[in-house]
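Pulled from TrEMBL:
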type: BINDING; residues: Lys7, Phe8, Gly9, Gly10, Thr178, Asp179, Tyr184, Arg189, Lys214, Val215; note: ATP binding site
type: BINDING; residues: Thr47, Glu79; note: substrate binding site
type: DOMAIN; residues: 274-349; note: domain 'ACT'
type: DOMAIN; residues: 355-418; note: domain 'ACT'
Amino acid sequence: MTRLVMKFGGTSMADLERIRRAARLVAAEYDAGHRVAVVVSAMSGKTNELVAWTDGAGKATGRAIEGDDEYDVVVASGEQVTAGLLAMTLRNMGYDAISMMGWQVPILTSDVHGKARILDIPPAKLETALDAGQIVVVPGFQGVTESGRITTLGRGGSDTSAVAVAAAVKAIRCDIYTDVDGVYTTDPRVESKARRLKKISFEEMLEMASLGAKVLQTRSVELAMGQRVPVRVLSSFVEPGENIDQGTIVCDEDEIVEKHIVSGVAFSRDEAKITLLGLPNKVGVSAAVFSKLAAANINVDMIVQSEKRSGEYANQLFTVGRRDAQAAAEIMEAAKAEIGFDAIKVDENVAKVSIVGVGMRSHTGVAETMFRALSEKGINIQVISTSEIKISVLIDEAYTELAVRALHAAYDLDKIGQ
Ligand code: ASP
Ligand code: MG
C-alpha cells in the first residue's frame, strides 16, 4: 500500500471544528487505501503566545531566547496539543490513530535550540505503526537531540517536519493543507489577477519561498528538492472529494509539460540598502567588509561595487534584512578607519521585486522585458541581481505594488492556466 503524508497548518488546527474537518480529510485518504502519517502545526497564534511567555520568563532581554533549551520545551508544546486532539478525533470516528511526539519517533536534530536542523528520522517505529494500519499523528516543528533534549526547528518549521517524515517513510507525496489553495503567480492581495499554478518546479518554488512567498518554509522546499519528495499545497477549507485536482504540485522540472518562461513575481519589503562611499579600490577590501558582517551573523543579499572614475576609489552597496540594518551600519561605522571609506548611507525604504522561471535558461529577452516594463511605469532600478532562474531588482518601496502588477502583466501571468 502506498504511504501518504498529510500536513495541516495552524489555521487548519485552529479549533475543534477545524480539527474535525482535517480528520475527515485524513479519514478519506485512509479509506481510499493509503497508509497515512499526519504532521500538525500548533493552533494558529499559539506559538506566538508561547514565545511571548518565554520572553517574560527568560533573562528579561525583551526578546525570545532562542538558543536556550528551555525555550524549545515551551514552544514545542503547541504541537503536542493538536497532535493529541487530532488523534482523539480520529479515534472517535472509529479509526485506529496514535500520536508520536518528536522524541518518540524519534526526529533527531542538531542541538541548535530554536533553530535546529533535522539530521535523521529512523523510520522503524513509524513504519511499524503504518504497516499495522494505524494513522500516525506527529507534531511538526519539534525534534530531539541525540542526548535527549527537545528541540524546535525555527518558525514555520512544521512544513519541514512533514517533508522529512515523507522522505523517511518513502511516501508517494507530502500534501500540505493550508489556508491558501495553492501557489499563485504572485500574492493575490497585491494583484487580483494572480493565477494558481497547477505545477511548479522545486527550483522555482525554492526561489519563490526564499524571495518572500510565504506558502512554504524555504527549508522544507530545499529538503523536498534534495529528497525528491513531491509536495502538493492545497486548501484545508474543503470537504473530502472537493480536493481532487486542486492545489499546486511542487515537483521535478521534468514532470512539468507546460513550462512557463516566468512562473511568478515575488517581492519582499524586508530590505535595507547600505552604501559605502569612497572605499579604497584595492585587494582585500570586500573581504574586510563582509567578514565583519558574517561575524555578526548578518545575512547579506545583493552586492554591487562600482569603480569611481579615477580608479583609486570605489563605492559599494549591499542589502540586508531591515531588522539588521542598524546593526550593520554600526559595525561598518566602527570599522570606518580600518576599512578606509569616506561615508556610509542607510536606506530602509527599498523593496526587492523578482521574477522567477526555469524558462529563463533557454529564452532571451527576459531581462529586457522586465526592465522595460518597470521603466514604462517610471520606476528606477537601484540594484539588479540574477541567478539562472531569477532576476531581482531593488526599487523604492513605494512602487512595490505598481512594479508587481506591471511585471505580472508583462509576462502574461494572468493568462496562465486558462
Ligand atoms: N507552530 C510553529 C510556528 O508557528 C511551526 C509551524 O506552524 O510551522 O512557527
Ligand atoms: Mg506555515
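Every residue, even glycine, has its Cβ placed from backbone N, Cα and C.
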Statement: Sorting the binding-site residues Lys7, Gly9, Glu79, Thr178, Tyr184, Lys214 by sequence and keeping only those with a Cβ under 6 Å from ligand 2 gives Gly9
Field: Other C-beta atoms that fall within 10 angstroms of the C-beta of Glu79 (substrate binding site)
entry: 31
Message: With the Cβ atom as the reference point and anything under 6 Å counting, tell me which of the binding-site residues (Lys7, Thr47, Thr178, Tyr184, Lys214) are near ligand 1.
response: Thr47
Message: On the three-state reduction of DSSP, what should I expect for Glu79 (substrate binding site)?
response: helix
Query: Using a Cβ-Cβ cut-off under 8 angstroms and a sequence gap of six or more, which residues of the chain neighbour Thr47 (substrate binding site)?
result: Gly10, Ser41, Val75, Gly78, Phe141, Arg155
Field: For Gly9 (ATP binding site), the three-state class that DSSP assigns
entry: coil
Statement: CB neighbours within 10 A of Thr178 (ATP binding site), counting all protein chains shown, number 23
- prompt: For Thr178 (ATP binding site) and Glu79 (substrate binding site), what Cα-Cα distance in Å is obtained after rounding to a whole number?
  reply: 16
Query: Between Gly9 (ATP binding site) and Glu79 (substrate binding site), what C-alpha distance do you get in Å?
result: 10
- line: Note: among binding-site residues Lys7, Lys214, least Cβ-dense neighbourhood at 10 Å is Lys214
Message: Mean pLDDT for the domain 'ACT' (355-418), rounded to an integer?
response: 94
